[in-house]
Amino acid sequence: NKGICDRDSGECECFDGFTGAACERSGCPDDCSDHGRCVNMKALAVTSDALPLSNVTTYSGEDDTVTWDEEMIFGCVCDSKWEVGLGAGQTQEPEWFGPDCSLRHCPSGDDPSTDVDETDCFNVTSSSVYLGTAGRATTQQAYVNVSQDTTVSTAGSNPCSP
């Protein structure tokens, strides 16, 4: 489907982003950068330790015309040292994030030993920044390039990466 196949050998060379014997499946970018696992839409729909997810899904049960792509489209479920996912009652994003799990959030949150609410990641200096939605999980991600040495306020979203 998305590659060049040698009819004599029966082998296919897939275009970037595709995999499978006939290049029929989307692959995961950079194999999730060794900071996540590559899963199909059917598995992702019932995964309770990943974000962002909705607890309402049509990707379950028998194959049908609505979920024809459930085993063709793959994405990364990124690793995290802290609990994430609706199954854990969490709406925060995992430690590793981005389409290929290559970006990393800074540790953040309130220090219970102080009287001051605090977050560790303010005034990040970077040439690119991940923008979330005020610290909440979102299905919409935006990557914005800013000029070198531009300071971006990230209050509430904690999008630091190493």
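Cβ coordinates are placed from backbone N, Cα and C, and glycine is handled just like the others.
What TrEMBL says about a protein is an automatic prediction, not a curated fact.
According to TrEMBL, the protein has these features:
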type	residues	note
DOMAIN	1-24	domain 'EGF-like'
DISULFID	Cys14-Cys23	disulfide bond
## Note on the structure
For Cys23 (disulfide bond), the three-state DSSP class is coil
### Query
Is Cys14 (disulfide bond) helix, strand or coil when read with DSSP?
strand
